[in-house]
Structure formats: C-alpha cells, structure tokens
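To keep things clear, I will list the structure first and then write my remarks on it.
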Amino acid sequence: MAAWIERVELRRVVDAVVLGIVGAAAALAFHWMLQFCSWLFLRHIAGYLPPDIAGSIAPHSVAVPHWNWWIPVATTVGGLISGALVFTFAPEAEGHGTDTVVNAFHRKAGVIRARVAPLKMVASAITIGSGGSAGREGPTALIAAGFGTLYAKLFKRSDQERRFLILVGMAAGLSAVFRSPIGTAIFAVEVLYSAMEFESHILIYTLLASVVAYAVNGIFFGLQPLFHVPAHLLQPDYRAYPWYVFLGLASGIVAAILPMVFYGMRDLFHAIPCPRIFKPAIGGLCVGLIALYWPQVLGGGYGWMQMSIGGFLPLDILIALLFLKMLSLSFTVSSGGSGGVFAPSLFIGAMLGGILAAAFHEPAAGFAIVGMAAVFGAAARVPMATILMVCEMTGGYQLLVPAGLAVILAFLLQSWLTRHLRYHSLYEAQVQSYAQSPAHYVEEMNYAIDLIRSHRISSAKSLREMDIISLMQSGIPVTLHSGERMLLGEVQKNSPVANQPLSSIANCIPDKCLKVLAIFRENEVLLPHNDSILKEGDRLLLICEPETEALLKEKLLLPRGVPGPSPAAVPI
C-alpha cells in the first residue's frame, strides 16, 4: 500500500510539472494571439489602442476623438466572427471559461472536448482583441484545463484523476497570466464552491503547477508584479481603517449587483428571437456604442486600472466607468461572446476604490487595490484566493490586513444580500459545498454501495445491491453500520415542505439528523440544494437518525412502494 501511494504521489508531481509548463505555453500563445487581434481590430481598423498594462499611454489612447464610428464596427465584426466560431463548432466555449471548467469538474467528470481549447483561444482573442469588454482569465483557464483533459485521455486516467488534472491545468494557466502563483493555486480549489470550502487535497499540486508556470512565464516577461505601484503608495495608515470598512461594505453591495446584471443580461439575450451566432455581434455593437464616448470600457482595461491606482483619473470618469464597465462586460460575455470576468471585476473594484479614495481624501493606490480584491472576492465567492492574487499582482503585500478586512466584509454582506436571489455568484456552476457537488455525490453513493457489498449493513441477512434498491423502493429502510437509516421517501400531497425549498425541512427536523442524497423527479435525478424546490411526488433518497424516521413518515415523507428510477438512472 505504501509503495502504491508513493507511486501515485510521484505521478501527480510529474503531472503538475508537465501541466505547469503546458499551461504557461498556452497562456503565452493566447497572449501573443491577443496582441495580434488587438493590433488588427483596434489599432488598424478603429485607430485606437488602450493604455498598456503598465499604464503607459499608447498613441491615440486618451486623445482619441469621440464618436469614432470605426470602434463599433470593430466590436461588431469581432462579435460576429466569435459567435460564428463558437456556436458552429463548440457552444460550450461561449461565455467565461472558468465557469465551464467548474461545470466540467462537478458534472462532466472533468471532460472538456478536445476542440474547445483551441477554439476558445481563437474566439476569445478575437472578442477581446476587437474591443470586447472581457478578461483573459476565463479563456486561459479553459484552454489550460482543456489540455488537462487531453493529458488525462492520453494516459488513460480515471474520472477522479481527470478532475484533478483540469484544476492543475487551470491553476497553471492563470498563474502565467497574472503572475500570482500562490493566489491562483488557491483560486483553482476555491472557485468550485460558493461557501468556504476547498478541494484541499489538490492544493499542493495546483501550487506546484502554478510555480512552474510562473517561472516559465518569467523567462519571457520577467517576474515583476503585473501592476507597477511605488512602494511609498502602499503604506497603509491605521487612521484609514474605518474607510476600508466602508469600502468593504460598498464592495459587497456592488458585488451583489454584478451577478444580477451579468446573468440578467444573459437571460435578456436568450429571449432575443434571432440565431445565436448573431447575438455576440449585437453585444459587440452595444459595447461599441458605449465606447463612442467612453473608450475606456474596451478590452480588459488593465491600463486604466493602473491609472486608477496611480490616481490619474478624475472623479467623474471613475463614477461613469464603474457602471459602464458593468454594462459593457454584460453586453460582451452575456451575449455569448468569449472572455473572462476577472479583469472587468477588478476594473469595477479599482474604480470603486478610486471613488472612495477621492471622497475620503486618501491616496488612491491602497483603495483601488483593496477595492479590486473586495469586489471580485465577493462577487465570485473566492475571498481567500483573491486577497493573495491582488497582493501578488500589485506587490501590495503591505495591504494584506486592510484587504483581508474589506474582502471579508464584502463577502459576508454579498452572501447575505443574495441569499434569496436567483444569481448568487459570477460563477453559476459553483455548488454551495462539498456535499452538494455531483462529483462527490457519486462518491457518496458509491460509498453506500460499498457498505452494502462489504456486508457492513446491520441486516438480518446478507443483501445484494438490487435487494437494497428493491427494499428502498418498497419503503423499507436499510440500517447502516453507523446505526443511521437509509430510505427512499415520497413528498406527501399535504406535506408542509411541498412547494417549499429543501431548507424548509429544517423547520421540522434538525439538520444534523437528516442528509438528503438525491431528489428523483419523474425520470430526472436532481442534485439537492438548500434552495431546491420540493414538489408533490418527489422521491428523496436520504440518510437519517432512527428517531427521525418516524417524524419523517408522520409529517414530511411517506415511504411506500412507488415505481422508482431504474438503477441505471442513478449515476453511480
């Protein structure tokens, strides 16, 4: 056993190193392709080039005349090409790629089709390069994770290892883009869940891959932080801490609004009666029209973030860009365009921080950096990773304490404000916790079957797997080795939980006494969430304490012999 464990650990170390190199190479290839598309669409067609990432001003970037009608031409053409590519060859490449990776981890056994990675690279480079208001993080995450899937297929890895490899690949790609090896390693294992849970057993390998990718990227671009901030601007003043508290609360409000606007715009575009391939062009046209007067919304906006950190943007510009970037991001990505949400969210946070710095007469650098961390950390439900990522990207380690304070407040407030809303996070594919992941749901079901197969069930006789299924379908509970009961029950017509969220069961039965594994509705198997609406006739596979069983039968569920789903319908 010890030798087998050592072989597995060594293999995972090799996997992390290889994917670290591949992730860095993918990020570099995407960077160069994006540079070419920016030159072609923005500089050559529109005659406009935004400030570069270091904040230096390129020709025509600020002095560009307003009402340059070539800008909406560029954004519309870019959206049209991107939409045609994505919806013709790989529809899953639309939108922000990180969510696709999260969905693949939870619901697709880590499988990302081989064509998705190269198509995502091209479509995203065209979308962002033509002025689409999106970031590089999502495309890079999906591209690198796609190589993780190919790597798993090449070496015939299991589903569990494939999930491991896509997270390692994603961490490597993000590390190369943002020069943040520690933060991106944590991001890869934190972004899967909207609550404070992690795939902690993978963290050491995502960290190794991130460090390798960071080093490889450093050969070409150096190891300095992404943003340039003079050290004297990063010294926090303890007297400003009350204002950082205010910034955290303001960031929580903005972070609650951002997913609503983002996904509300997506629902609006879904309702437009036209072929999907044209919708990114419509979104691009809307962005281009905004950019006629506010060209700062184009692209990822790293140069403008740098200028906000430096305190070079006036208050009226900061206020306008806070709202216009939110709209332009939604027009670009929610319409089906290909790009990420990380950079635009940082942009919004930097503008918010700049606004409050001006209002409180404080240096802009600290507030812009902390605002970047607080808005994205709360809106994406990744507070721990974001604190470190932003500090690494700016070199602002002196701001760890105020950033931590603001991010925590923003996260808590955003979670409370969105608790009854349809869209809680920028990453829709997130699940709330480890127990609610379909990937781990399968593990738990397999564990239950293993209990049966190993005869650790306190039954009067040895039972086969089909015997257990037959018993539960007939309403007879199965006693597990732990003393808990596993049963299949049906929601009664007059049950107090009918047409109520799953969390309403807690009003009748303590949470610790009951665990719902699955909801069977007609021919579907549904993943249980606290906000899952229970309907009359739903069958619930659950584990409960013996004393809870009678209460379930009396008030909530009626175990009885109803036709259950066939064993093949349950993904075990």
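Here the Cβ of each residue, glycine as well, is placed from N, Cα and C on the backbone.
What TrEMBL says about a protein is an automatic prediction, not a curated fact.
Quick caveat, the model's predicted, so the values are computed rather than measured.
These come from TrEMBL:
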TRANSMEM  12-34  transmembrane segment
TRANSMEM  69-90  transmembrane segment
TRANSMEM  164-182  transmembrane segment
TRANSMEM  202-223  transmembrane segment
TRANSMEM  243-265  transmembrane segment
TRANSMEM  277-295  transmembrane segment
TRANSMEM  307-329  transmembrane segment
TRANSMEM  341-360  transmembrane segment
TRANSMEM  367-390  transmembrane segment
TRANSMEM  396-417  transmembrane segment
DOMAIN    473-558  domain 'RCK C-terminal'
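Taking Cβ pairs closer than 8 Å, the transmembrane segment (367-390) reaches residues 178, 180, 182-184, 186-187, 190-191, 193-196, 229, 234, 243-244, 247-248, 251-252, 254-256, 258-259, 305, 308-309, 341-342, 345-346, 348-354, 356-357, 360, 396, 399-400, 402-404, 406-411, 413-415, 424-427, 430 in its own chain, all 6 or more past its ends. Long-range Cβ contacts of the transmembrane segment (202-223) within its own chain (Cβ-Cβ under 8 Å, at least 6 residues beyond either end) map to 12-13, 15-17, 19-21, 23-25, 27-28, 164, 167-169, 171-176, 179-182, 184-186, 188-189. Cβ atoms under 8 Å from those of the transmembrane segment (243-265) belong to residues 322, 326-327, 329-331, 333-335, 341, 345, 348-349, 352-353, 356, 360, 362, 367, 370-371, 374-379, 402, 405-414, 417-418, 421-426, 428 of the same chain, restricted to positions at least 6 beyond its ends. Long-range neighbours of the transmembrane segment (69-90) within the same chain, counting only residues 6 or more positions beyond its ends whose Cβ lies under 8 Å from a Cβ of the stretch, are 37, 41-42, 45-48, 113, 115-116, 119-120, 122-124, 126-127, 129-132, 275-285, 287-289, 291-292, 295, 298, 332, 335-338. Among residues of the same chain six or more beyond the transmembrane segment (307-329), those with a C-beta under 8 A of the stretch's C-beta atoms are 51, 55, 133-134, 227, 229, 233, 254, 257-258, 261-262, 286-287, 290-291, 294, 296-298, 301, 341, 344-345, 347-348, 350-355, 357-358, 363-365, 368-369, 394. Each residue in the domain 'RCK C-terminal' (473-558) has a pLDDT score, and their mean in this model is 71.
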